[in-house]
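One structure is given below, encoded as structure tokens.
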């Protein structure tokens, strides 16, 4: 018998009520809090100790493409520290318009304190309302999203070739909501944990809203893709045999929220621009801590688990944080070494709760960077998107005369060489160990796709090199004229003019 779920329709086109926005203020970010506190400084040296920062170490270079823990945290925690540094603005997408504003006035200080407790997305939303600017009204989420082609796709949600881009289009841009809701229902978790349907739907809507749709890569589609990959891993025999319903609920929620409110720039950028999040989390797992605590804020705001005993709810929040913090790429060697040791000693016992949790961490890490393991048509799109996000950060750094982060200079790097390096030094070691743990058809398929994708990028690199070499002789006759023109331009600039060549500017972010 086919069971049809009637999904509640929420009025997404209404402004966020003031009482909802003010609830974020109830979430404490105190350094003394056991749940939300900044990491123990004694742990920092242990975390850094697993990573080599030798300039010749290629593994370290590609680990740093998404995170960097080289900067020592300050001794004193200053949650209310402010400065006139322009990068303290929350919304980096309007960074270039705010730099000329100078230091903020004293009257704006209380307002900024309130805004810091909001997500970047909600801060922008409230700012638009205050300025009277028209907001983008999202499409309504309709019951019909579960019909037609989208429903047919959900019947094959466990297929590794699942096209999340097509699914997101078929669901009117609500792929994350629809997919996560379907998976929770498919596992029977809504009924088992007695989740209120309205609260669950509201939670998923708010999660999707808090992803930045103008991020090329770290957006709700990426979160949906990671959630679908996580589902595939949860279905693997090694996990499905031992995982509890609690483990599955935790894994799916962590996958859906693992990059919540991502600003589209990496940790080194936040550190060197003196962003308040870097200060709050003492330069350690800055983004991951923010994702975790943003997710906890939504859980508490919607009251999704409020019917559970307080101790169970707090344990779930802590374990959710443990999973999300595991996605910090700067701690890749920590987890990989531990995983390899377990496999070498053959001492993983999945009937043990702590071992199951560790495997969930590894599964989420794999799901987070599984793009190179997808079929070429999907993998290529993800590679282009993540590289464009890197390059947009580099454009911002160039425009404001900051040191350009590794792999973020579009004039010195290509999609191909970045992806080949990432596969070689980050993805291949991780998925090789995962295949040792779970030697299944899926694992071999992922490794096979990654090998083919790496070869494809290598072929494209060679083609581009050949085209460049062929173009050089054809321009040899104009070299003298070009040099003269450049010299004239340089002379004019030296005489007090300005060069006509502008530094590339990021379209947004973060």
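Just so you know, glycine gets a Cβ as well, placed from its N, Cα and C.
Whatever TrEMBL says is automated annotation, not expert-curated.
Take the CB of residue 218 (active site, proton donor) and look out to 10 A: across all protein chains shown you find 26 other CB atoms. The annotation active site, proton donor is assigned in TrEMBL to 218.
Annotated AMP binding site per TrEMBL: 218, 219, 220, 221, 222, 259, 368, 419, in sequence order. Applying an 8 A CB threshold to same-chain residues 6+ apart, the list for residue 259 (AMP binding site) reads 211, 218, 222, 223, 226, 287, 291, 327.
Taking Cβ-Cβ distances under 8 Å and a sequence separation of 6 or more, the neighbours of residue 258 (Zn(2+) 1 binding site) in its chain are 223, 226, 291, 323, 324, 327, 364, 368. What TrEMBL lists as Zn(2+) 1 binding site is 222, 258, 259, 368.
Here TrEMBL flags 259 as Zn(2+) 2 binding site.
For 459-468 (among others), the entry in TrEMBL reads compositional bias 'Polar residues'. Here the compositional bias 'Polar residues' (459-468) has Cβ contacts under 8 Å with residues 414, 416-417, 420 of the same chain, all six or more residues outside its ends.
If you look up TrEMBL, you'll see 490-502 (among others) marked as compositional bias 'Polar residues'.
The average pLDDT the prediction assigns to the domain 'PDEase' (142-464) is 96. The domain 'PDEase' annotation in TrEMBL covers 142-464.
Feature annotation from TrEMBL assigns region 'Disordered' to 459-510.
Of the residues the record lists as binding AMP, namely 218, 219, 220, 221, 222, 259, 368, 419, the two whose Cα atoms sit farthest apart are 22 Å from each other. Here the compositional bias 'Polar residues' (459-468) is broken down by DSSP into helix, strand and coil counts: 10 helix, 0 strand, 0 coil.
Most Cβ neighbours within 10 Å, among the binding-site residues 219, 419: 419 holds that distinction in the structure as shown. Around the Cβ of residue 221 (AMP binding site), a 10 Å sphere holds 24 further Cβ atoms from the protein chains shown.
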